[in-house]
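A.B. asks: Below you will find the structure I want to go over with you.
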Amino acid sequence: MTFGYIRGFIRKMSATTGVSILPVGVRGMKVLDRDKFLRNLKVPVLKVKLENVNNVMKMCKNYFLKLKAFRPIRDLNEAEDSPFKKCIYLNPEKVMKWEDFSENDRVLLQDLNVTEDHLIFKDAQISYDNWDYETIFKAVLPENEEGVSGFTQIGHIIHLNLRDHLLEYRFVIGQVLIDKLKSCRTVVNKCNTIDNTYRNFDMEVLAGDEDFKVSVKENNCTFHFDFSKVYWNSRLCKEHERILKYLHPEDVLFDIFCGVGPFAIPAAKKITKVFANDLNPESYKWLNYNANVNKIRMSCFKSYNQDGKDFICNVFKEYLERLCKGVEKVDGKIRITMNLPALAVEFLKYFNGLLKDTAAAENFNQEIIVYAYCFVPSGDDQAELAKELVIKNIGHDISSDIVFIYNVRKVAPTKEMMRVTFKLTKEVLVGPKSLGEPPLKKLCV
């Protein structure tokens, strides 16, 4: 994928045992001043004979002064008749005297005719270009506070969700990421929770271009979309992959809240037929664009721009009725994905009694598997809570039909995203109706 799902880092400032090479005088910087990161240091150096360079280098790798755009092995430039032609720059946080090498390493060095006399100090100039973003954040952001807890990369966009205590540093954070990550052209910060009908969120551009059209590769497909207008979560890549592994060529998929197609598009390359739906017109537009880009056979792919209720009560119901009448035939299973964890369970009620008024419902014998997503509080009983949510909303005790309950991911310190996999049986589909209007589609975080 071109996205980067770049794993978060939670850094607390800590003291080091040697001489710190961190930039100084930049703590609390609100406007990036690259010149202030310049440091002139005396750093430890090992003088090495030319014939010994490779062996000493292998032995000393853990002690190297490792910085971006910095060569730790250099010409020594001593007298022409000196046998020492090379030197190895060492990290002063690890080595400031001979005894800082481990006892075993000192023995190995001495076996190579490298002794305490060969440890000298030389001037080294370290600039902004030599620091990685983690080191810069460690030097700039408040001590003893949680740092940047993580970010994701979607195409050329870095997406942050900064804590309140970091907001005053947000523009420095954004510019540093632009400088240090070559594939990044735009850095945005999420301004609020996802609380609108279409699941996208307000964002502030911290650095770079205001260009939100991205291209992302996932599960051997390419997805194009405007990140500011649709919902996309790179952290769900593995979950998309897990569901795709369950699919068989004879299956049919109904993706009720499909977004721009992370389930539906790769599924259409693998199975008999896909029915993909999303309420957001922008998602619907990019869904069809992505189907075309990925060369999906349109004979096996149908897209819809409807509310989930209408999709279930019309498109899905009509398909089941054709199955009952023998007009359609499915050799595999019907699978339903409901990846709208804030609200998906509240649409389960529309399966209850869906075929109650269908004359040929007694002929129905198709196996249907539903993958319903929900949020629950963290704790030992989170699987049970997810199960209760599904049973309560579908209006039947389907305990014996639940296949699997899976914790997809932790979305907040006290909040889990769960997947409940269950069989949608004939008893539910022809059962009594008790329908009400679903809430407005909001509160998806």
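Glycine residues also receive a Cβ, built from the backbone N, Cα and C atoms like all the rest.
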A.B. asks: Pick the one from Asn292, Asn294, Asn339, Asn352 that TrEMBL also lists for the S-adenosyl-L-methionine site with His240, Asp278, Leu279, Asp307, Gly308.
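C.D. replies: So, going by the record in TrEMBL, that would be Asn339.
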A.B. asks: Identify which of the binding-site residues Asp278, Asp307 has its Cβ surrounded by the largest number of other Cβ atoms within 10 Å, counting every protein chain shown.
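C.D. replies: Counting every other Cβ within 10 Å of each candidate, the maximum falls on Asp278.
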A.B. asks: Given the S-adenosyl-L-methionine binding site residues His240, Asp278, Leu279, Asp307, Gly308, Asn339 in the record, what is the largest Cα to Cα distance, rounded to whole Å?
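C.D. replies: 22 Å is the greatest Cα spacing among the residues binding S-adenosyl-L-methionine.
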A.B. asks: Any idea which of the binding-site residues His240, Asn339 has the thinnest Cβ neighbourhood at 10 Å?
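C.D. replies: Among the binding-site residues His240, Asn339, the lowest count of other Cβ atoms within 10 Å belongs to His240.
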A.B. asks: Through the lens of DSSP with three states only, how would you label Asp307 (S-adenosyl-L-methionine binding site)?
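C.D. replies: Once the DSSP labels are grouped into three classes, Asp307 (S-adenosyl-L-methionine binding site) ends up as coil.
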A.B. asks: When DSSP is mapped onto helix/strand/coil, what comes out for His240 (S-adenosyl-L-methionine binding site)?
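C.D. replies: DSSP assigns His240 (S-adenosyl-L-methionine binding site) to helix.
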